[in-house]
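Read through the structure below, which is laid out as C-alpha cells, and then see the notes.
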C-alpha cells in the first residue's frame with residue numbers, strides 16, 4: 001500500500017497522479033495545522049514547507065489563499081459526511097465534528113452562516129452550503145427520539161457548542177466543547193479525525 | 001419626579017448636574033440603539049443626534065469612541081447586577097441578560113473573554129472584569145440544585161447561548177437565544193431591559 005504523506009513527514013517532490021493526490025492531501029493537512037496555530041493569514045510558504053513541497057506545487061493545486069482555505073473546510077465537511085455515510089452512530093460523527101471545531105476558527109464561523117452577513121455573497125453561499133451539508137449528514141444518523149430531534153435543534157446545538165469553544169490550546173478547546181455537549185445532555189464519542 | 005429623557009425623545013440642551021446625568025443616560029441609550037443597528041463604527045454625530053444633544057455635550061461625557069462603547073457595556077453589566085441585587089429570580093436576570101445579548105454583538109464578545117486573545121491587554125482585562133461581574137451576579141441568584149450549578153456551568157451556558165444568537169433582527173436574535181436556553185433546559189423570564 002502507498003504510504004500517504006502526513007504533515008509531519010518531510011518528503012521529496014515526486015511525480016505522477018498518485019503523487020499529485022498525495023501532495024494535495026499533504027497540503028490540506030499542513031494548512032489545517034498551520035491555520036490552527038497561526039490563523040488564516042499564515043504565509044503560504046509556511047504551509048508548503050510543512051507539507052514538504054515547493055511553493056510551485058502549492059500554487060499548482062491552489063491558485064490563491066482562498067482556494068486552500070476552502071479546501072480545508074471542504075475536507076472538514078467531507079469527513080463528517082463520510083463518517084455519517086459509513087453508518088457511524090451520531091456520537092461518533094459528533095466526535096469528528098468536535099475534533100474539527102476545536103482546530104478551526106474558520107470552521108466555526110462557517111457553521112454560523114446566518115451571522116456571516118457582513119461577508120460577500122459568494123462567501124455566504126459557500127458557508128450556507130457547508131452548513132446544510134453538515135446538517136444533512138448529522139440528520140442521517142440521528143436516532144428517533146433523540147433530544148436534538150426538533151426541526152432546528154441539531155444545528156442550534158452545533159452553534160451553541162461552537163460559541164463555547166475557546167482557549168489557547170486544542171486541549172482546552174476540546175475540553176470546552178465536550179463540557180458544552182455535556183451541558184446539552186448529548187453524548188459524544190472519541191474526539192478524533194476520521195482515519196482513512 | 002424628574003422625567004428621564006429617553007433615546008426616543010428629542011430634548012433641548014439644558015444645564016445643571018441633573019441635566020448632565022440625563023444627557024449621559026440619553027447618550028448611552030442612543031449609543032446602544034445605534035450600535036445595534038449600525039455596528040460599533042457608527043458616527044458619533046449620529047449618536048449625539050439620536051440623544052438630542054450637541055456633539056460638544058457628547059465629547060464632554062465621552063472623550064473618544066472607546067469611552068462611549070465601554071459605557072454601554074458597563075451599563076449592560078450594571079443592569080444585570082442590579083437585577084440580581086434586587087433579589088430577582090435567576091430566570092428574571094437571565095431575561096435581562098438575554099435582552100442585552102440580542103442587542104449587542106460587543107456584549108457577546110465581551111462574555112467570550114477567553115477568545116479575545118487577539119485584543120490588547122487592557123481590552124482583555126476589561127472583558128475579563130465584565131465577564132466576572134456577570135458571573136458573580138448570576139451566581140448570587142442561582143438556586144441550590146439548579147442544573148447550571150457546576151463550577152463552570154453558568155458562564156459556559158452563557159457563552160453557548162451567545163454563540164447561538166444570530167440573525168438580522170432583534171426578534172430573530174431573541175428567538176434563537178430563547179431556543180438555546182430551552183435546549184439547555186433553562187427557564188428564562190421576560191426578555192426586557194431593567195426598568196428604573
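Including glycine, each Cβ sits where the backbone N, Cα and C put it.
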Inset, instruction - Select from B:43-62, B:63-82, B:83-102 the stretch of residues annotated by TrEMBL as DNA-binding region. - result: B:43-62
Inset, instruction - State the mean pLDDT for the domain 'HTH tetR-type' (B:21-80). - result: 90
Legend entry - Within the DNA-binding region (B:43-62), residues counted as helix, strand or coil by DSSP: 15 helix, 0 strand, 5 coil
